[in-house]
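Residues or ranges marked as sn-glycerol 3-phosphate binding site in TrEMBL: Thr11, Arg79, Glu80, Tyr131, Asp240. According to TrEMBL, the ATP binding site annotation covers Thr11, Thr12, Ser13, Thr262, Gly305, Gln309, Gly408. Sequence annotations record features per position, and here TrEMBL assigns glycerol binding site to Arg79, Glu80, Tyr131, Asp240, Gln241. According to TrEMBL, the feature domain 'Carbohydrate kinase FGGY N-terminal' maps to 4-247. The domain 'Carbohydrate kinase FGGY C-terminal' feature in TrEMBL is assigned to 257-446.
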Amino acid sequence: MGHVLAIDQGTTSSRAILFDADMHVAAVAQEEFAQHFPNSGWVEHDPEDLWSTTLATCRAAMAQVPEAGIAAIGITNQRETTVVWDKVTGKAVYNAIVWQDRRTAELCRSLREAGHEARVSEITGLLLDPYFSGTKLAWILDNVEGARARAEAGELLFGTVDSFLIWRLTGGKVHATDATNASRTILYDIRKGGWSEEMCALLRVPMTMLPEVRDCAAEYGHSEVDLLGTSLPILGVAGDQQAATVGQACFAPGMMKSTYGTGCFALLNTGPDPVASQNRLLTTIAYQLDGQPTYALEGSIFVAGAVVQWLRDGVKVITRAEDTHALADAADPGQDVIIVPAFTGLGAPYWNAECRGAVYGLTRNTGAAELARAALQSVGFQTRDLLEAMHADWQGQGGQSVLRVDGGMSASDWTMQFIADIIGAPVDRPVVLETTALGAAWLAGMRAGVYPDMDAFGREWHRDRRFEPRMDADPREALYARWKKAVAATLSV
Ligand SMILES: Nc1ncnc2c1ncn2[C@@H]1O[C@H](COP(=O)(O)OP(=O)(O)O)[C@@H](O)[C@H]1O
Ligand SMILES: O=P(O)(O)OC[C@H](O)CO
């Protein structure tokens, strides 16, 4: 006993990571699955793919260490992505509508114009943007034939991906989610800690569809024996960005982490009381233990590593992500090319679903090197946008100014150094980069009694490298001012 199996169901792949009794990675399995784009701005997943890749990767990871005694399962997941399924058959009535999907932009606009946003923010901590689950769920109820009537008759269930996987793993015995995932639905009252009747009425969502909300370390039933060859308790659940916050041990108010994958998500721990943002950030639940929520301010950016994917797959100026470093180093210092990667609009703190990306400062001499540098720099500029908003919301409340980073793109030393330079503060990269899975594993293992308590876990966090700011204030501020002008121009087109 003493191992913990973490399921990390992400946007582009499902992963299963087996951690040993010392919380070291003992086995990893990963499978990608298809992305469906049925219309412009629409993004869907087949829920059967989410399930089959989760199951296959769990089996594969377990097979790598057959002698491991597994004490618990922890689940972490792409957040907001919405699934509606039949209570009896367990089959989804429509594809999962992914967090990136913009199909409800019009509905969000009309709700905003009708003056609902202030109340939405007050109750849920979120904004009226297609990003969150509630309008996606409303879309399914209104557009899938018979769905609304069946939901009202109590035949259909809603869940974010954690909830769907729990339902499948437990053979339809448990319909539950955790407070962090609930806090992304726009249906959850983050202060009172329960589903909001008012929000459900606004979006016309029958409350009987909603899962029970539990702590992040709690009983979520047992997996069916035939699925993994043994029945395992599910004892930890958290949305992936919250799990990374836990995995980075950001347990004290003022601590923050930023995860650089496809997008970038920065969370600042604000303690036991929610802080309402005055700067278009989200108020969300970082984790909930023993019934006590800890809140966070979150900045969500939709394009971070995806700008590097665009260089590789779109304009084809690189063949591998890591090629960007040498190119960026070789870029002409005399050119100030800026890329605003608003491929799907801009997230925090601008929240503009309609604007699109732009490149500024092109000359006849601009080439791959300048584009690569501008792409990596755009991640730093966006990080600074988020941190400026966070500092303004969190003024005078103390805490650390160090940023803990993780995610696939945190492997880029060039980008991490630029982030430190442009934010003017140190950036810390931990030894363990599997922070999302580790967070979920720790929640489950701590609940199972095989992993240390919060303080001891926090002491286990070790730094791989600190990036100290090296840029002087004048060039830093001039560069950032140029970015702000480029964003303003992009928003005005
Ligand atoms: N060395 C690197 N330099 C720049 N970008 C990188 C590097 N390595 C990975 N990336 C970017 O990081 C992203 C992958 O990170 P990952 O955490 O796996 O993303 P996700 O979980 O969103 O699928 C990709 O978008 C890739 O372009
Ligand atoms: O699956 P990821 O790592 O791209 O994370 C997605 C976020 O949870 C979206 O809010």
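Even glycines carry a Cβ here, placed using N, Cα and C.
Please treat TrEMBL annotations as automatic predictions, because they have not gone through curation.
Neighbour list (Thr12 (ATP binding site), Cβ cut-off 8 Å, at least 6 residues apart, same chain): Glu32, Phe33, Gln35, Thr262. In the three-state DSSP scheme, Gln241 (glycerol binding site) is classed as helix. Our reading of the ATP binding annotation (Thr11, Thr12, Ser13, Thr262, Gly305, Gln309, Gly408) yields a largest Cα to Cα distance of 16 angstrom. DSSP assigns Tyr131 (sn-glycerol 3-phosphate binding site) to coil in the three-state reduction, placing it in neither a helix nor a strand. Each of the binding-site residues Gly305, Gly408 was scored by the number of other CB atoms within 10 A of its CB, and the lowest score belongs to Gly408. Separation of the C-alpha atoms of Gln309 (ATP binding site) and Tyr131 (sn-glycerol 3-phosphate binding site): 21 Å, rounded to the nearest whole number. DSSP gives Ser13 (ATP binding site) a strand state. For Gln241 (glycerol binding site), the spatially nearest entry among the binding-site residues Arg79, Tyr131, Gly305 is Arg79, judged by CA separation. Of the listed binding-site residues, namely Glu80, Asp240, the sparsest CB environment within 10 A is found at Glu80.
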